[in-house]
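Features as listed in Swiss-Prot:
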BINDING   Asp57, His59, Asp85  Zn(2+) binding site
BINDING   Asp57, His59, Asp85  Mn(2+) 1 binding site
BINDING   Asp85, Asn117, His167, His241  Fe(3+) binding site
BINDING   Asp85, Asn117, His167, His241  Mn(2+) 2 binding site
ACT_SITE  His118  active site, proton donor
MOD_RES   Tyr307  phosphotyrosine
MOD_RES   Leu309  leucine methyl ester
Amino acid sequence: MEEKSFAKELDQWIEQLNECRQLSESQVRSLCEKAKEILTKESNVQEVRCPVTVCGDVHGQFHDLMELFRIGGKSPDTNYLFMGDYVDRGYYSVETVTLLVALKVRYPERITILRGNHESRQITQVYGFYDECLRKYGNANVWKYFTDLFDYLPLTALVDGQIFCLHGGLSPSIDTLDHIRALDRLQEVPHEGPMCDLLWSDPDDRGGWGISPRGAGYTFGQDISETFNHANGLTLVSRAHQLVMEGYNWCHDRNVVTIFSAPNYCYRCGNQAAIMELDDTLKYSFLQFDPAPRRGEPHVTRRTPDYFL
């Protein structure tokens, strides 16, 4: 019976969050506890079945996430796979990440949420989520509940054994998916090493491995992605992590696709956003969308930190 009444309570929370109204601190705490129980059973390479709709960075742009669900279909009617970066930069990180975690707890088989490089204690203290939690709750407890939960998020997902999804990119320390399965992910994102690379690396026009201008992860060339896909029986690496003006961008002779789902990123970049629908035969189509009509911005005094595009 307890499960049933919790589901009912969750439905009320989801309804409230859909109106961009935050939960109480104690509600967030119990939501995060429940989410840990679910995520702890998921793999570093979480298996996902098609049909599924794959999404890139959202970055606290709550009204644009609503637009994404309007275009792609509501959860749980549509299965979703989000590739990280739910928080920072946008004005509504709290409501955005709370809603996605609530949907995960309510419909664990219908939505997959991966870890991005912003799902980290260190990064969120610089790029907005920490300050937003302080402003909206008056203390850092909610920030702590979420950043503790972030350690449990799966690092990657595999759609029908063929399409490999993750936030950033490949790693010189990783040749096979089994290498990823063997990592201990229950920790803050390290400054270097395989787990860091999966969340920070970027594809590049130059071959081989390169030093990343981001100061973490690597750049990797087409030779690397072709070899990785071939060795692991993959048809595609799907990733996010980089702003692309059309919302999606193919590279490496279609071995890699970048998907970015925050339109007019940082409320000023003028980009479209996109999501990738995979049907039950793994045929893909991209849906592009523009920002939701702007409501008045919240009154925030903030220094906008420099950021990598």
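Cβ coordinates come from backbone N, Cα and C, glycine included.
Contacts of Asn117 (Fe(3+) binding site) defined by a Cβ separation under 8 A and a same-chain sequence distance of 6+ are given as Gly84, Asp85, Ile123, His167, Gly168, Val189, Leu199, Trp200, Ala216, His241, in order along the sequence.
Under 8 Å, Cβ to Cβ, and six or more positions away along its own chain, His59 (Zn(2+) binding site) finds Asp85, Tyr86, Val87, Asp88, Arg89, Gly90, Ser93, His118, Ala262, Tyr265, Cys266. Surrounding the centroid of the Cβ atoms of Asp57, His59, Asp85, where the record places Zn(2+), the chain contributes additional residues within 8 Å, namely Gly56, Val58, Gly60, Gly84, Tyr86, Val87, Asp88, Arg89, Gly116, His118, Ala240, Phe260, Ser261, Ala262. Cβ atoms within 8 Å of the centroid of the Cβ atoms of Asp85, Asn117, His167, His241 (the Mn(2+) 2 site) belong to the same-chain residues Asp57, Met83, Gly84, Gly116, His118, Gly168, Leu199, Trp200, Ala240, site residues excluded. Annotation note: Asn117 (Fe(3+) binding site) sits in a coil segment as assigned by DSSP. Its Cβ taken as reference, Asp57 (Zn(2+) binding site) is surrounded by 28 other Cβ atoms within 10 Å in the chains shown. Around the Cβ of His241 (Fe(3+) binding site), 27 further Cβ atoms fall within 10 Å across all displayed protein chains. For the recorded site, His241 (Fe(3+) binding site), the DSSP three-state label reads coil.
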